[in-house]
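A.B. asks: Let me begin by handing over the structure; questions about it come next.
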Amino acid sequence: MSEKTKRISRIILTNTIRFGLILGFVLGFAALFGQTNVLAGVALVVGLLMFPVCDLGLRPGCAALLILALYPICGIVASLPRPGLLAGMLIDFIFVCLLMVLFAEPAMLKPHINFLLCFLFCRSAPVAGRDFILRILGLIAGGTLIAAAMLIFQKRAKNISQRRTLRAQIDLCISNNRAFILRMAIGIALAIAAGEALHLKKSLWITIVVMSLTQPAFCDAVQRIRHRVCATVVGIALFTILFDLLIPQQYATVGILLLGYCGSFTSAYQHVQTINAVSAITASLVLLDSTTAVWNRVGCLAGGIVIVLLLYTAQRACEPLAAYLRKYICANREQNGFNGDTP
């Protein structure tokens, strides 16, 4: 067997095992904590694959405590009663700011995405009573598993004492990402409010678009917008061919699983989003007919892009004013300092 064949075989075996474990985790989580918490299980399994093997730059004990606390807090905040649209926006804005202030760094790893996913998944499917208790118990159990796995994997890491404290992490996140944090928090709060005001049955579609397209650099956002638009168009075409014409409705779940398995062999943003578009539209057929589902997907994509671009435009417009205010404040301080030293 040639080296190339061996390498391909290893990749197929590794991806098959990983996909099986992910599927088993999500199905097991749903069996234990209820079908209403499937998406919470998805967020947890993403964290389980991510946090143990990446270096957050935080002291392990601090990182473990944050992980253990934030998952159930995401579930609790997502289920808080909102007395009105503006109050809901304020709650969502503050909580997203908190998540970003804690985990906007390291920027290359984007750890904030996992907690935002958990929050948005729970926010899109609010529960009460027994289901709420099961959700929080599930998030506590998942957070405990992730924190324990992270501590075990990082036990052999060097220079633990030189890693950041919580205070240093917060300072780093704020100093490097002020505008990014504000855009993410405002954008998600606006997207959630838009979904509620328009009574969208799949409001998660617009919030995920805003979360995904909001990037620290404008050029990255533009590139993602292009990829996401193309992926949505291709995804709709594939959905029409596969699930409207070829595959009977009763086999749709099998088709989605096969697409998900194929998606495990690529990490390219446009390919992942194409598969996500097909899977999301197909899964939404429980609530919507195919035409409505497609138009909702397109409308949510357009709405999310508009929110993201408006916030970038607002940031650009405010930059001269912010620069002037900083200059004025610095000059004022220097003047006051000079006068204070003068008899």
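Each Cβ is built from the backbone N, Cα and C atoms, and glycine gets one as well.
Take a look at what TrEMBL says about it:
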| type | residues | note |
| --- | --- | --- |
| DOMAIN | 190-310 | domain 'Integral membrane bound transporter' |
| TRANSMEM | 12-32 | transmembrane segment |
| TRANSMEM | 61-80 | transmembrane segment |
| TRANSMEM | 86-104 | transmembrane segment |
| TRANSMEM | 132-153 | transmembrane segment |
| TRANSMEM | 180-198 | transmembrane segment |
| TRANSMEM | 204-222 | transmembrane segment |
| TRANSMEM | 229-247 | transmembrane segment |
| TRANSMEM | 294-312 | transmembrane segment |
A.B. asks: Below 8 angstroms Cβ to Cβ, which residues of this chain, lying six or more residues outside the transmembrane segment (180-198), approach it?
C.D. replies: 85, 88-90, 92-94, 96-97, 100-101, 104, 112, 116, 120, 123, 173-174, 204, 206-207, 209-211, 214-216, 303-304, 307-308, 311-312, 315
A.B. asks: Looking at the stretches 12-32, 61-80, 86-104, 204-222, 229-247, which one shares the most CB pairs under 8 Å with the transmembrane segment (132-153)?
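C.D. replies: Per the Cβ count, the answer is 61-80.
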A.B. asks: By a Cβ-Cβ criterion of under 8 Å, what residues six or more beyond either terminus of the transmembrane segment (229-247) are in contact with it?
C.D. replies: 255, 269-278, 281-282, 285, 290, 294, 297-298, 301, 305
A.B. asks: Could you tell me whether the transmembrane segment (204-222) and the transmembrane segment (86-104) have 3+ CB pairs under 8 A, leaving out pairs under 6 positions apart?
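C.D. replies: Between the transmembrane segment (204-222) and the transmembrane segment (86-104), which are separate recorded stretches, there is no contact, as judged by 3 or more close Cβ pairs.
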A.B. asks: Which sequence-distant residues neighbour the transmembrane segment (204-222)? Criterion: at least 6 residues beyond either end, Cβ under 8 Å.
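C.D. replies: Tertiary neighbours of the transmembrane segment (204-222) are 107, 113, 116-117, 120-121, 123-124, 177, 180, 183-184, 187-188, 190-192, 194-195, 228, 280, 296-297, 300-301, 303-305, 307-308, 311-312.
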